[in-house]
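Colleague: This is the structure, below, for whatever I ask next.
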Amino acid sequence: MQSERFTPLVALELVSDTKEEAITWLLQRIRDKQRNGGAELLVEQLRPGLGVQEKQNPNLFLIGASLQRLLSGAEDLGLFKEFNDGSMRGFTCTNKQNFKDFQGDGDGFLSVAECQYIIKHELDTLRAKDESHVPGHTQAKLYPGKSIIRRLLSKGIMVQMFPLHQKEELKRLTFSWYKKVKLSLQPLGKIQCNYEGQALYFGFLEYFTFALIPMALIGVPYYLFDWDDYDKYVIFAVFNLIWCTVILELWKRFSATLAYRWGTLSRKKAFEEPRPGFHGVLGFNPVTGREEPLYPNAKRQLRVYCVSLPFVLLCLYGSLYVMMIYFQMEGWALSLHDEDPTFWTGVLLFIPSIIYAVVIEVLNLIYRYAAEFLTEWENHRLESSYQNHLILKVLVFNFFNCFASLFYIAFVMQDMVLLRQSLATLLITSQILNQFMEAFLPYWLQRRRNKKMMRRVTKMRTQEDKELPIEEQVRLEADMSTYLGTFDDYLELFLLFGYVSLFSCVYPLAAVLVLLNNITEVYSDAFKMCRVFKRPFSDPASNIGVWQLAFEAMSVIAVVTNCALIGMSPQVKAYFPESDMQLILWTVAIEHGLLAVKFILTFLIPDVPKPIQIQLAKLEFESLEALKKKVNTWGMFSVI
C-alpha cells in the first residue's frame with residue numbers, strides 16, 4: 001500500500017516491451033525494506049494521459065519516499081545543514097531538533113533537489129543479490145553486489161530516470177530568474193534548491209560577469225580615445241595581468257563561501273562505482289571484494305598514447321591547415337580592396353573572418369563528437385577519469401582552433417590592425433552562434449520532434465493558473481531533451497576568458513562584448529534549464545574542479561602573451577635601438593617577474609576565508625572529541 005502523502009519526485013521509464021516479471025521484480029526490490037536489500041521507497045505506475053488515443057509507453061513509474069526515509073537517507077549521505085549556532089554540520093536523525101530549519105516532523109527541511117538526490121542514491125545502490133539475470137531477460141546478466149539500475153541502463157531495459165519539476169517552485173523560480181529583466185544578482189539560493197549540481201556554475205557565471213565590469217570600464221575609453229596610439233596599451237596590458245590573477249583567487253574564496261553555505265564544502269564524496277559503459281573480463285575488485293569487470297590499465301594507456309594522442313595531433317594539424325586557407329582568403333580580400341577601395345570591398349574584408357569563425361565552431365562540434373567516441377573507447381572505469389580525459393582533449397583542440405590564428409597574426413605577421421579586426425570578428429560571430437546553438441536550436445528541435453507535446457507546453461504557458469495533470473506533466477518532461485551537464489557552459493566561459501585575457505590590450509572592447517554576452521547568457525541558460533531540458537539530478541560539488549586549473553593555465557599563458565605584446569610596442573623598442581637580444585632578454589625577465597608576482601599573490605590570498613576555516617576546524621575538533629568519547633565508552637563496555 002502506498003502512503004496517502006505520496007509525492008512523486010522521480011520518474012523511471014522502462015522500454016515498452018519489458019517483461020512483466022522483470023517489472024514486478026524491480027518494483028518489489030524498490031519497495032522492499034532496507035534490511036532485506038531493498039530501497040524502501042514508494043513507487044506507483046503512471047496512469048494513461050489525456051491522449052489515450054495515441055500509443056503511450058505504459059512502463060512509466062513515479063517514485064517517492066516517506067519523510068522518515070528521506071531523513072535517514074540524508075544522514076546516510078552525510079548532507080550538511082545549518083545548525084542552530086549558524087555552523088554547517090552533517091545531519092543526524094538523533095540530533096535533528098538542533099538544526100535551524102527543522103520544525104515539527106521535518107516537512108520542508110530538505111529541499112526538493114536534496115530529496116531527489118537521496119532517492120537517486122538509494123536507487124543507484126540497489127544491488128543484485130542471488131539473481132543470475134533480470135527476470136524475463138536472460139541476456140541481462142546480474143552479479144552479486146552490483147548496481148541493478150546501472151545494469152538495466154547498460155542493457156537498454158531502462159530508458160531513463162529523471163527528477164520531476166515541482167510546478168509551484170518552478171513558477172516562482174522562473175519569475176525571479178529570467179521572466180523579469182533586472183539589473184541585480186541571480187537568485188542563487190532558489191537556483192541551488194532546484195538545481196543543486198548546477199548552482200555553482202551559475203555562481204561562477206555571475207561572478208565572472210561582475211569581474212568583467214572593471215575591464216569594460218577601462219576598455220571603453222581606451223577604445224574611444226587614441227585608438228591608433230598602440231603604445232598606451234602597455235598600461236592596459238599590465239592591468240589585465242593583475243586582473244586575471246586577482247579574480248581567479250577571489251573566485252576561490254567566493255566559491256568556498258557558496259559551497260560552505262550550501263553544505264557541499266565538507267561533504268565527503270561517495271565511493272565511485274564503475275561507469276555503466278565500462279566493460280572488461282569478470283574478476284574481483286580488491287577494494288570492495290565484489291565481482292565486477294576488470295580492464296588492464298596498460299591496455300588503456302596504449303589506447304590513449306597510441307591512438308587518441310596521434311588523433312588529437314592529426315586534428316591540430318587539420319586545424320592549422322584550415323587556418324592557412326583563412327589567411328589566403330584574407331590576402332585575396334585585401335588585394336581586391338587595395339585595387340579598388342570601395343564600400344563593398346571594405347565589407348568583403350570581414351567576410352574571411354566571419355567564414356573562419358563559423359568553420360571554427362563547426363570543427364569544434366565535429367571534434368567534440370570524435371573526442372567523446374575516443375574517450376568512451378579508452379574504457380575508463382570511473383566517471384571522473386572519463387570526464388578528465390574528455391576535458392583535456394576538448395580543451396587542447398578548442399584552444400588551438402580558436403586562438404592559433406590570433407597568435408600567428410600577433411607574433412608572426414605582427415599586424416595589429418588585422419589582429420584587432422580578426423579578434424572582433426571571431427568574438428562577435430562565435431557569440432552569435434553560441435547563443436543560437438545553446439538556446440534557440442534545442443527549443444526549435446524539440447518543437448520539430450514532438451509538435452503534440454509543444455502544444456501542451458503552449459497550453460501550460462498560456463494557462464499557468466490551471467494545474468497540469470501529473471500524467472501530462474510527467475510525459476511532457478519525459479519527452480524533453482536531456483541536460484548533458486555544465487561541460488559546454490564552462491568551455492564557453494573558458495574561451496571567452498581567453499579572448500579577454502590574451503589580446504584585450506589590442507582590442508579593449510573584448511571585455512565589453514563578453515560582458516554583454518554573459519548578461520544574455522544568464523537569461524538563455526535560465527530559459528534552457530526551466531523550459532527546454534529535463535530537470536537534472538543534483539551532483540553536489542565543492543568547487544568547479546578541473547576548470548579552475550584550466551582558467552589558471554589560461555591566466556599564465558596571458559602573462560606570456562601580454563608581455564610579448566608589450567615588448568613589440570614601438571615605445572618599448574625605442575629603449576633598445578641597437579640590440580633585439582637585449583629587448584628579448586628584458587621581456588623574458590619582466591615576464592618571469594610578473595609570473596613570480598602572480599604566484600606570490602596566489603600564495604598570499606587564502607583559498608578559504610578565515611571565518612570558514614575556523615568553522616571547519618571547530619567541526620573537525622568536535623568530531624574527534626565525539627569519536628574519543630565513543631571509543632572510551634566501548635572500551636568501558638568491553639572491560640565490563
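Cβ from N, Cα, C; glycine included.
TrEMBL lists 199-224, 230-251, 304-327, 347-369, 390-411, 423-445, 493-516, 544-567, 583-605 with the feature transmembrane segment. Look at TrEMBL and you will find 199-618 tagged as domain 'Anoctamin transmembrane'.
So where do these features actually land, and what's packed around them?
Modeller: Listed as Cβ neighbours of the transmembrane segment (199-224) (distance under 8 Å, sequence separation of 6 or more from its ends, same chain) are residues 185-186, 188, 191-192, 232-233, 236, 239-240, 243, 247, 251, 254-255, 258-259, 262, 486, 489-490, 493, 497, 500, 504, 508-512, 514-515, 518-519, 521-522, 525, 541, 543-544.
Same-chain residues lying 6 or more positions outside the transmembrane segment (230-251) and placing a CB less than 8 Å from one of its CB atoms are 204, 207-208, 211, 214-215, 218-219, 222, 416, 500-501, 504-506, 508, 548, 551-552, 554-555, 558-559, 562-563, 565-566, 569-572, 594, 597-598, 601-602, 605, 607.
Here the transmembrane segment (304-327) has long-range neighbours at 352-353, 355-356, 359, 363, 367, 370, 374-375, 377-378, 389, 393, 396-397, 400-401, 404-405, 408, meaning same-chain residues at least 6 beyond its ends whose C-beta is under 8 angstroms from one of its own.
Counting only same-chain residues 6+ beyond the ends of the transmembrane segment (390-411), those with a CB under 8 A from a CB of the stretch are 308, 312, 315-316, 319-320, 323, 326-327, 356, 360, 363-364, 367-368, 371-372, 374-375, 418-419, 422-423, 426, 430, 487, 491, 494-495, 498, 502-503, 506, 546-547, 550, 561, 564-565, 568.
When Cβ-Cβ distances below 8 Å are used as the criterion, the transmembrane segment (493-516) is approached by residues 204-205, 208-209, 212-213, 215-216, 218-220, 222-223, 230, 233-234, 236-237, 240, 243-244, 395, 398-399, 402-403, 406, 410, 416, 419-420, 423-424, 426-428, 430-431, 547, 550-551, 554-555, 557-558, 561-562, 565-566 of the same chain, each at least six residues removed from its ends.
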Colleague: Near the transmembrane segment (347-369), which residues from the same chain, at least 6 beyond its ends, have a CB less than 8 A from one of its CBs?
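Modeller: Non-local partners: 315, 318-319, 322-323, 326, 329-330, 332-334, 336-337, 394, 397-398, 401-402, 405, 421-422, 425-426, 429-430, 433-434, 437.
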